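The domain 'Myosin motor' annotation in TrEMBL covers 14-721. Annotation comment: TrEMBL describes Gly108, Glu109, Ser110, Gly111, Ser112, Gly113, Lys114, Thr115 as ATP binding site. Residues or ranges marked as region 'Actin-binding' in TrEMBL: 594-616. Annotation comment: TrEMBL describes 741-768 as coiled coil. Per TrEMBL, domain 'TH1' is recorded for 855-1055.
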Amino acid sequence: MEPITPSFNNIKNVGLPDFCFLEHLDENEIMNNISTRFHKDHIYTYIGEQVVSVNPFSKKEHLYSDQTLKSYHNMYMYEVPPHIYSLAQDTYKKLLLTKENQCIIITGESGSGKTEASKILMEYITKASINNKINEKANSATLDRSEIIMKLIMDSNVILEAFGNAKTLKNDNSSRFGKFIEIEFDEKGAPISGKIQQFLLEKSRVHTRAIGERSFHIFYQFLTSKEITSKFQLSDDPSYYRYLKDSMCFNVSNINDGREFKLVGQALQSLGWTQEDLDSMYRILGAVLLIGNLEFCNDQEKANVDAVNVKNPSILKKIAALLDCNEDQLEKSLISRSLTLGVSKRKSSIRVLLNTNQAMETRDALAKVLYDRLFNTIIEKINKAISSDIDRKNIESMIGILDIYGFEVFENNSFEQFIINYSNEKLQQLFINLVLRQDQEEYIKEGVEWKFMDNYFDNTPIIDLIEGQPVGLLKLLEEACLIGQNTPELLIQKMNQFFGKHNHFESYETTNNLSITNQSFTLKHYAGSVTYNLEQFIYKNKDPLYQDLINTMQSSKNNFLLSLFQLDFLKASNQQTGAKKIPTTMASQFKVAINDLIGKLNSCQPHYIRCIKPNDEKRPGHFDYERVKHQIRYLNMLETVRVKKAGYCNRQHYTRFLARYKMIAPATWPFWNGTVKDGAMEIAKVLIPSPIDRQAECQFGKKKIFIKSAKTLFHLEELRSKQMPKVCIIIQRHWRGYQARKWYKSELARLQQEKEEIQKQILRKKSVAKIQNCYLRYRIRTYFKKLQPWAVGPTYCKGKAIPTLWPKKSALEDLIQVIHITWWAKMKVCSLSMEQRALVRQKILALDLFGMGYFKKKEWDCRRKFSADYLSDDSNPKKLQFSEAVQLLFQKGGDKEILFADNVVKINKRGKSQLRTLIITDQHIYKYDSKKYTQKKVGLKIHSIVALSTSNKRDTFLSIHFKAPVRDLFIDLGCDSVEKVSEVSTNLVQQVFKLTGTTIPLLFREPLTFNNSRDSRTSGTDFVISFAHYPKGKEQRQCTFVKGKANTAVIYYPID
């Protein structure tokens, strides 16, 4: 239908205002139309009731003047040129008419103008709602309240942009958080309250970002105020602060930080912030910047441990002064961490010193949590200001405006981009379900003339890949965060295991793409493929906040700072009094939040603004054809236009349509005796007398009538409003139901006969099956009587042939023989305790390693019990010292159990024998002084063991080989004349397999070689060991190590 307003004249020169007006619909036509309009400064275009917005990267003052805004008041969308104002007016009008919740979903990639679109929307809704109250002659109190609420919401937008937006490589004012703004209205359409919900602030931007990007705007704005920086003794040079200096970008050409900071201050004051609150906020911002300047150096007084000190204590003193907390406690929380062991009365706490990397992580964690808590507090104060003194019963409906992250692809995509793009996938799925799929499926279902389009990009498989149950990428990430020693390599292995063959997943092992490293993976999103780097995924998802930092903040005397951490203090208090809970990760929190948001959007009547970025260089007037084409494809614009162009603006069930509009046609008023569909057709004849026009404007489905244009619908409403006194409802029986009942009665006799015949056939089959079953049970009973001796202990006739069930032996008898042997073994094993079973498994592994009988590789005593801990026995006079040393070891090293502990003789790199206490835990091998039980050097990691070697003689020596540059360990395990090589070897092979999944070899060599002299600088030399009997007359019970020339030695062992 041709538009009637003058604004649509001369459409050939400026392009079509609605893509649905295109005669020949294809991608090129859409591109040509949007390009023509863009170059003529027409940045908005309709797709039915949707608005497509192209970012001009320049100010268009004439588009947003007061005169332009007023021209859209109380106008329908088809009456005015495309604009965000028209969509805002349509949204507000539907809110007033239907009293249903409305939502406006703004989609597009980063830099496409979503944030600006949300501001334009709120500006119009502010003016429209106030104008509506003036027309209704509302009292001054209600009018003032509405103006105040909308002003506060607009002011809050200034604040949230300063604290939540930043310059990225693609956008000078990119939202680094998502927000859903709810404007709540009373029954007369006056805004009386509001609420803002934020999603996943990019906290890591505080301390790290790409070169050429900036941190959050507020840091640069804050430093432009000489008064504030001098008041708190801060440098006003951004390059002084490492957090701002690292990305080497301090200014943006089109952003005036000084002017913006004044606007932020005014907005905060309008929301009720006192000067004391502002000063506290400035203190926190200054502290965050100074925290980044903290450096750490090794603690020279603690040479035996990896510990650090703050290198620049003057900076630390400034930070403590700004946060008004104890300086010593702050330093301690940055360079050490307290760990709580045990529960209830056995609960104890130890302090672990941090190395340089751990201290830097803790420093950055403090900066992030300070800024995050400040941001959340700002939103809480905004919500409190715009919703105070409101009775929730007066809220009738609301308009929600969703401004969330755009789709992001950078050179290095981390956890933040993964979450951001996941949220865009969810919104894209919502759009597909609400706009494309539902419309098309309904047309096909109703039998309306329609060609189904199934070639649009359905992103359901991608969302299932990310959040699927029971296994999805988010689930694997959650599991990785629960396992303390998980690494990106192990996580990518899990991903390959579950999703290696998924069409939308690629990794280093599943593709030939050399750009994908072994710590990254690629997802094929609806907007294109993105490669994510897993290096920081686990750490960022955990988002740790250490208790020491919370305690330090709790020591502050600043009330504002204390209020930021009230929930953290409460959680800490609950954890001290109750059981600890598994911490909630960032991904799980965001998944719950985004799914709640999708549920809320589904309960609203949706409106869409599709934002497009014309180029990546942010050049005004420049239109990158291929760049825009890519966005049009992933926004499904071609399919949307096809649906809307061939679709209908309104659809109603025949019954509802007839009941609402029957008074329009004389034939249907007051009673209609025909079908509801025929009644609807009679109404359509009155509405549109011309058969040709009626066929073009109305389609009749199976259950619904479909109206093509909005103008026809409005005309229908006008006719109805004139006939409202005649309204009445009559429901007629359906002809289809009558026909179905008639058919059933005529076919009843035939169906009954067929039923009886089928029942006879089923009965015959059951009889045959019953006879077969009885005979088979008889044969089985007879067979089991023969098998009775094989079920009587203690021998169970083991080894004798089992009788056969049938004359000819079948595979069943062989299976029964196997089952009997298995059952016999189970009877033996079940009589053992769990501890005995574990020992048996160890003995079986030892048997595999050392052999038995003719296949014995080395003498060992299979009857000796593997006691593991030989030093906790009462025979050890230093049992108490040993227990204290083990307890201290477990607190520091994170080990959980002792696999072996005994005194051994260690051969050092000079070939000398040294008596040592050897402790093998589930993670390390420790060497202790056997007298004082003090640890010698650091523990050797078990997962670094590559092989074990010993001789096939009667000696008690064992060589443990490690990955270079770790030195090999050569020890004598026969200090008490008892062979323990088998026990240690079995334990090490078993534990290495648990930790790494690989089986290390046990090598039997003569001569035997090992290298216990190498380090990170030199490769060292191998010792060559030979073995011999003691000479006659010099026999001893224990083995003896005798060093020879150079790096050779002889081990003497007894004959018996």
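Start at 1 and count along the chain as shown; that gives each residue its number.
Here the Cβ of each residue, glycine as well, is placed from N, Cα and C on the backbone.
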All-chain count of other Cβ atoms within 10 Å of Gly111 (ATP binding site): 24
Contact set, same chain, for the region 'Actin-binding' (594-616): CB under 8 Å, 6 or more residues outside the stretch: 34, 38, 47, 49-57, 84, 87, 90-91, 94, 98, 100-109, 111-114, 117, 121, 170, 180, 197, 199, 400, 402, 406, 422-423, 426-427, 430-431, 434-435, 622-624, 627-628, 631-632, 635, 637
Distant-in-sequence Cβ neighbours of Gly113 (ATP binding site), under 8 Å, six or more positions away: Ser53, Val54, Asn55, Cys611, Lys613
Neighbouring C-beta atoms (10 Å sphere around the C-beta of Thr115 (ATP binding site)): 22
Residue, out of the binding-site residues Glu109, Ser110, whose Cβ gathers the largest set of other Cβ atoms within 10 Å: Glu109
